[in-house]
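According to Swiss-Prot, the protein has these features:
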ACT_SITE  Glu284  active site, proton donor
COMPBIAS  1-10  compositional bias 'Basic residues'
COMPBIAS  19-29  compositional bias 'Basic and acidic residues'
MOD_RES   Lys19  N6-acetyllysine
MOD_RES   Ser97  ADP-ribosylserine
MOD_RES   Lys186  N6-acetyllysine
MOD_RES   Lys233  N6-acetyllysine
MOD_RES   Asp235  polyADP-ribosyl aspartic acid
MOD_RES   Glu240  polyADP-ribosyl glutamic acid
REGION    1-29  region 'Disordered'
Amino acid sequence: MVGGGAKRRLRGEGPQCEKPVDMKKSKSCEADVPGDLRKEVESHYRLPLPEDFYHFWRFCEGLDPEQPADSLSASLGLRLVGPYDILAGKHKIKKKSASLNFNLHWRFYYDPPEFQTIIIGDSKTQFHMGYFRDSPDELPVFVGTNEAKKNCIIVQSGDNVFAAVKLFLMKKLKEVTDKKKSSLLKTIDEKLTEAARELGFSLEQRTVRMKQRDKKVVTKTFHGAGLVVPVDKNDVGYRELPETDASLRRICGTIVEAPSDADRLQAFAPVQEMMTYVQFANDECDYGMGLELGLDLFCHGSHYFHKVAGQLLPLAYNLLKRNLFAEIIEAHLANRSQDDVDQLAA
């Protein structure tokens with residue numbers, strides 16, 4: 001039978017602005033963005049957004065007051081999208097924006113419900129950055145990047161958007177040979193670094209808060225960003241899958257490459273067996289097991305796993321009281337596209 005889950009440390013949420021002062025509700029920490037605009041963004045997405053989201057918008061307004069969303073296009077090839085489209089008023093131009101599902105807006109093929117795109121880059125690789133939350137009622141735990149045309153891997157890039165863009169910029173700076181371009185990047189880097197320092201945002205790729213989260217990760221999952229679920233002192237909350245990641249990948253490969261439907265059905269047997277284990281796990285409140293299997297099958301990407309992922313994931317999210325994530329995965333699986341991700345496109 002399957003084993004118990006990994007131990008979990010106490011949950012610790014760090015302040016959003018890491019300044020050496022009491023940060024309970026420091027006004028200096030709050031970006032100058034109108035309250036009604038904040039409400040509009042958060043009501044469309046039904047997700048809380050961290051203060052760095054708004055501060056970065058103000059920073060981009062400083063670079064280009066007319067087109068803040070495109071202020072990094074010429075220099076870095078980056079564009080602010082997703083919830084930033086609401087700050088830019090783009091949703092007001094679209095006639096039927098009221099009926100749009102914003103949680104599918106810029107949701108790329110491999111983006112799990114935990115991931116919310118805020119910046120896009122090279123369209124050839126579908127590079128994008130997004131906030132990653134473990135639960136829809138919590139603030140993001142880090143900013144991740146993914147290249148959807150390549151794979152499902154989510155790379156952790158700091159715990160705020162300033163850090164993620166800084167890391168991207170530093171990489172770009174190493175690749176640039178043109179002096180003029182290099183000079184432009186250095187100027188932006190100076191402004192970005194100064195703004196982050198003034199606001200108290202860490203520019204580290206892996207902050208203390210992110211390392212604290214690592215201790216709570218029960219399993220890495222195929223996307224590599226890790227899975228965090230509540231596990232009590234008796235180890236209830238998660239149990240391991242009976243297959244390693246490598247063997248699960250092999251099983252998935254055998255299913256996808258099966259020469260006939262009969263062979264495919266046969267190759268599905270280990271997955272069916274794991275689904276039975278998940279039912280036992282759910283009965284005993286180890287909800288993390290079904291979530292892990294569902295996410296792994298979703299991240300594998302083949303349409304052959306959409307039905308199974310559609311059975312496992314909404315149930316797991318609802319059992320974990322992450323109901324919005326259940327809604328997102330159902331909508332995404334029903335409209336999973338490799339290209340049409342801009343919901344506001346005409």
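Residue numbers in this text run from 1 along the chain shown.
Glycine is no exception: its Cβ is also placed from the backbone N, Cα and C atoms.
The shortest Cα-Cα distance between Glu240 (polyADP-ribosyl glutamic acid) and any of the recorded positions Lys186, Lys233, Glu284 is the one to Glu284.
The Cβ of Glu284 has fewer other Cβ atoms within 10 Å than any other of the recorded positions Asp235, Glu240, Glu284. It is Lys233, among the modified residues Lys186, Lys233, whose Cβ has the fewest other Cβ atoms within 10 Å in the structure shown. Cα-Cα distance from the residue listed as 'polyADP-ribosyl aspartic acid' to Glu284 (active site, proton donor): 11 Å (rounded to the nearest whole number). The two recorded residues, Lys233 (N6-acetyllysine) and Glu284 (active site, proton donor), show a Cα separation of 15 Å.
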